[in-house]
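Chemist: According to Swiss-Prot, the record shows the following:
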- 23-43: transmembrane segment (TRANSMEM)
- 52-72: transmembrane segment (TRANSMEM)
- 90-110: transmembrane segment (TRANSMEM)
- 121-141: transmembrane segment (TRANSMEM)
- 158-178: transmembrane segment (TRANSMEM)
- 180-200: transmembrane segment (TRANSMEM)
- 228-248: transmembrane segment (TRANSMEM)
- 255-275: transmembrane segment (TRANSMEM)
- 282-302: transmembrane segment (TRANSMEM)
- 309-329: transmembrane segment (TRANSMEM)
- 351-371: transmembrane segment (TRANSMEM)
- 375-395: transmembrane segment (TRANSMEM)
Amino acid sequence: MSVDIRPTPPAQDSARQNVTLQIVSVVMFTFIGYLTIGIPLAVLPGYVHDDLGYGSVLAGLVISLQYLATLLARPYAGRVIDGLGPKRAVLYGMAGSAASGLFMLLSVAIQGWPALSLASLLVGRLVLGAAESLVGSAAIGWGIGRVGAPHTAKVISWNGIASYGAIALGAPLGVLLVQWLGLWSMGASIVLLGALGFALAWPKLPAPLVHGERLPFHHVLGRVTPHGMGLALGAIGFGTIATFITLYYASRGWANAVLCLSAFGGCFIGARLLFANSINRLGGFRVAIICLGVESLGLLLLWSAPNPWVGLAGAALTGFGFSLVFPAFGVEAVNLVPASNRGAALGAYSLFVDLSLGITGPLVGFVANLFGFRSMFLFACLASLSGLALAIALHRRSRRPG
């Protein structure tokens, strides 16, 4: 007599919920970390441009410098995650976030000396960028360590929900804090959030270390470079919106630019929740092709927008399209290396979005100086279409035998 011991649907639902809860309990550190990034995001360009009196290129550089610091810190972050464990990396990252808030407080305190104030702000952005390199990848590694490699796409998706959700919440929150309390409140809130994240991470159980051969970082980087390039081209649209949407709206005489960041983040999260399993069903490259096509349409809307509401729709469509670009390319990239090099692979792959966001500020600022603010979104659209072409090429290559 045989007994059917397959899980019933309620048991399967319970197992899925347990996996999701385990993932959320770890990616909340990404949420906290990216909240410290989102709070100053909509305020700093105006602070540098209007209060300190510097130009749009330098205003963009202040935002982009954080991403450049993250890029440079990725190899170190990968070694920390694979060698010391994701928990240790999260603790280091939260401490760095708190330290960056102190530099921001100092910048506001010495605002009367613009050069010194800018220098303190730049140091704080560098520290925050290094902290981001630790927290984001470590949370993914911690989550995969808790629920297993088959759930990699789900962990990456939830980590993205946490990061962009935090930016969508943090941007308007930062504006409100400055309006109600003053510029000092940005730095103070970042210090408090970093301390909170450290306190929450300290008692949690670490994920087990995966033993095995550690590949040199440049070997890992070489394997994931094509996928990272697709991600980088898609990320230019997000970087353009995040850095310049406030100045773009001001140049058109439109109000409520911060709503574009919220619309981008809200649609980003909604798409990830609605289509969380699409990568497992369709494959990473197919999803990347669809998403980059949608993102390109959103950027075209922003470029051609006759009023702020069409611009808002363009930002929302861009967020919807960009939502699954990171996990779509990422799942394909992580599968190229052994599990013992997962942290290095995530760091190497994420490096490309840091590179993209790092150069977007000054590059797009230069484009805006030459051709006007509207031209930024046409430039970003062309970059997104280039990423789509690369995704098609990678998909075709992956289907070739051998």
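Every residue, even glycine, has its Cβ placed from backbone N, Cα and C.
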Chemist: Is the number of Cβ-Cβ pairs under 8 Å between the transmembrane segment (228-248) and the transmembrane segment (90-110) three or more, considering only pairs separated by 6 or more positions?
Modeler: no
Chemist: May I ask for the residues of the chain that lie six or more residues beyond the transmembrane segment (351-371) and have a Cβ under 8 Å from a Cβ within it?
Modeler: 56-57, 59-65, 67-68, 70-71, 74, 129, 133, 221, 225, 228-229, 231-233, 235-236, 238-240, 242-244, 247, 326, 379-380
Chemist: At an 8 Å Cβ cut-off, counting only pairs 6 or more apart in sequence, do the transmembrane segment (121-141) and the transmembrane segment (23-43) clear the bar of 3 or more pairs?
Modeler: yes
Chemist: For the transmembrane segment (282-302), I need the partner stretch with the highest count of C-beta pairs below 8 angstroms, choosing only from 23-43, 180-200, 255-275, 309-329.
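Modeler: That would be 309-329.
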Chemist: For the transmembrane segment (158-178), could you work out the same-chain residues 6 or more beyond its ends whose Cβ comes under 8 Å from its Cβ atoms?
Modeler: 20, 23-24, 27-28, 30-43, 136, 139-140, 143, 185-186, 189, 242, 258-259, 261-262, 264-266, 268-269, 272-273, 319, 323, 326-327
Chemist: Which residues of the same chain, at least 6 past either end of the transmembrane segment (375-395), have a Cβ under 8 Å from a Cβ in it?
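Modeler: Same-chain contacts beyond the flanks: 226-227, 229-234, 236-237, 239-240, 244, 248, 283, 285-286, 288-289, 292-293, 295-296, 299-300, 302-303, 314, 321, 325, 329, 332, 364, 367-368.
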Chemist: Between the stretches 23-43, 90-110, 180-200, which wins on the count of C-beta pairs under 8 angstroms to the transmembrane segment (255-275)?
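Modeler: Between the stretches 23-43, 90-110, 180-200, 23-43 has the largest tally.
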